[in-house]
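Asker: This is the structure, below, for whatever I ask next.
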Amino acid sequence: MNGRKKVTVVGAGNVGATCAQEVARRDYAEVVLVDVKPDLAAGKALDINQAGSVLGYEPTVVGVDASGYDASAGSDVVVITAGLPRKPGMSRDDLVKTNETIVAEVTREIAKRSKQAVLVIVSNPLDAMCHVARAVSKFPRERVVGMAGILDTARFECFIAQETGLSVKEVTATVLGGHGDQMVPVVSATTVGGVPLDQLVSAAKIRKMVERTKVGGGEIVKLLGTSAWYAPGAAAAQMVDAICLDEKRVLPCTAYLQGEYGIRDLYMGVPVKLGAGGAEEVVKLRLTAAEKKMLKLSEAAVRDVVQVLTHR
Ligand SMILES: NC(=O)c1ccc[n+]([C@@H]2O[C@H](COP(=O)([O-])OP(=O)(O)OC[C@H]3O[C@@H](n4cnc5c(N)ncnc54)[C@H](O)[C@@H]3O)[C@@H](O)[C@H]2O)c1
Ligand SMILES: O=C(O)C[C@H](O)C(=O)O
């Protein structure tokens with residue numbers, strides 16, 4: 001295991017276990033999975049390790065229950081996915097009180113054992129849960145960052161590839177704002193093979209894809225009865241890569257804003273330079289007047305949820 005990074009994933013449910021396997025497949029980290037349910041993390045760890053024989057990565061995943069947090073000590077990155085997912089008919093914001101208690105408890109356990117870690121928050125409502133993790137850990141803003149924008153952008157890019165018939169690898173898009181139905185797909189910064197999207201697709205079709213992206217999480221909840229995990233797990237693992245490998249990638253992440261984009265003291269999705277220091281820099285993107293207006297609406301929606309928190 002020498003020279004390996006250490007990554008802890010808290011919550012060994014759908015998103016957590018998927019993220020843990022994605023990270024294990026990269027083969028650069030020891031992975032610790034933690035879950036409050038007895039034996040769940042140990043069972044998932046065993047299964048992921050055994051898949052390594054087939055897929056070609058080392059069996060370095062360890063699974064523990066809530067009495068085993070010591071195994072997470074000295075982690076470079078901790079991904080927090082613990083908490084309830086929504087069910088059909090619910091909004092992410094309906095989870096706020098229950099998940100605040102869970103995320104606060106988990107963050108307390110993690111922060112005292114991994115004082116230098118970067119925390120990647122996944123639990124919903126995402127922007128609010130980032131506030132909870134920052135308030136409880138007292139880590140600097142760079143080291144508490146949320147995963148949502150990569151997922152929302154992936155949805156938008158997937159719809160664009162399907163609409164244009166062009167490879168998703170050629171699509172470059174970004175989705176900013178809070179991780180709620182008021183999120184902001186930035187059409188002005190979206191290209192396919194370098195060609196602006198509005199030169200390839202009609203305004204009406206773009207509007208339809210934008211609206212579908214904004215409710216993309218809910219579309220899956222309706223189909224599955226619980227929320228998505230393959231794309232969220234992969235998105236969280238991409239953030240783990242950027243941090244562990246100090247990649248300095250510019251990715252849409254949820255960062256604590258202090259004046260950037262005209263927003264202060266609030267977690268929101270923005271392009272971030274992600275490296276070993278966490279959210280090392282907020283990258284400024286020029287938005288149209290309409291996009292700025294959408295971002296303001298999204299900000300108001302996030303503030304409404306944050307103000308009900310005890311830890312903010
Ligand atoms: N940010 C995003 O884009 C995004 C995407 C998908 C899901 N989510 C959110 O991620 C969370 C997890 O979703 P899921 O589908 O994996 O749910 P899940 O129910 O499959 O897994 C959650 C796990 O958390 C565990 N848990 C609960 N309390 C805990 C505690 N105190 N300590 C340790 N573990 C605890 C549960 O036992 C469960 O195994 C939800 O809040 C969901 O809304 C966010
Ligand atoms: O939609 C959800 O509740 C889960 C997640 O935030 C998602 O966007 O898939």
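Every residue gets a Cβ built from N, Cα and C, even glycine.
Note that the structure is a prediction, hence the values are computed from the model and not measured.
For 6-146, the entry in TrEMBL reads domain 'Lactate/malate dehydrogenase N-terminal'. Sequence annotations record features per position, and here TrEMBL assigns NAD(+) binding site to GLY11, ALA12, GLY13, ASN14, VAL15, GLY16, ASP35, ASN99, VAL122, SER123, ASN124. For ARG86, ARG92, ASN124, ARG155, the entry in TrEMBL reads substrate binding site. The domain 'Lactate/malate dehydrogenase C-terminal' feature in TrEMBL is assigned to 151-304. Positions annotated as active site, proton acceptor by TrEMBL: HIS179.
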Asker: Near ligand 2, which of the binding-site residues GLY11, GLY13, VAL122, ARG155 are found, taking a Cβ distance under 6 A to any of its atoms?
Answerer: none
Asker: Tell me, roughly as an integer, the mean pLDDT over the domain 'Lactate/malate dehydrogenase C-terminal' (151-304).
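Answerer: Computed over the domain 'Lactate/malate dehydrogenase C-terminal' (151-304), the mean pLDDT is 98 on the 0 to 100 scale.
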Asker: With the Cβ atom as the reference point and anything under 6 Å counting, tell me which of the binding-site residues (GLY11, VAL122, ARG155) are near ligand 1.
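Answerer: The binding-site residues passing the 6 Å Cβ test are GLY11, VAL122.
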Asker: Which residues of the same chain, at least 6 positions away in sequence, have a Cβ lying under 8 Å from the Cβ of ARG92 (substrate binding site)?
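Answerer: Non-local contacts for ARG92 (substrate binding site): ARG86, ASN124, PRO125, LEU126, HIS179, GLY180, GLY217.
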Asker: Give the residue counts of the domain 'Lactate/malate dehydrogenase N-terminal' (6-146) per reduced DSSP state, in the order helix, strand, coil.
Answerer: 73 helix, 26 strand, 42 coil
Asker: Which one of these recorded positions has the most other Cβ atoms within 10 Å of its own Cβ: ARG86, HIS179?
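Answerer: Result for the most crowded candidate: HIS179.
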Asker: Any idea what the Cα distance is from GLY11 (NAD(+) binding site) over to ARG155 (substrate binding site), rounded to a whole Å?
Answerer: 24
Asker: If one measures from the C-alpha of VAL122 (NAD(+) binding site) to the C-alpha of ARG155 (substrate binding site), what distance in angstrom results, rounded to a whole number?
Answerer: 17
Asker: Of all the Cα pairs drawn from ARG86, ARG92, ASN124, ARG155, the residues the record ties to substrate, which distance is largest, in Å?
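Answerer: 19 Å is the greatest Cα spacing among the residues binding substrate.
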Asker: So, in DSSP terms, is ARG155 (substrate binding site) helix, strand, or coil?
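Answerer: Its secondary structure by DSSP: helix.
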Asker: I'm trying to understand the geometry here, so how far is the Cα atom of VAL15 (NAD(+) binding site) from the Cα atom of ARG155 (substrate binding site), in Å to the nearest whole number?
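Answerer: The Cα atom of VAL15 (NAD(+) binding site) is 16 Å away from the Cα atom of ARG155 (substrate binding site).
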Asker: Report, in whole Å, the straight Cα-to-Cα distance of ARG155 (substrate binding site) from ASP35 (NAD(+) binding site).
Answerer: 28
Asker: Just to confirm: which same-chain residues, 6+ apart in sequence, have a Cβ under 8 Å from the Cβ of GLY13 (NAD(+) binding site)?
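Answerer: ASP35, LEU40, THR81, PRO85, TRP229 - these are the non-local Cβ neighbours of GLY13 (NAD(+) binding site), listed in sequence order.
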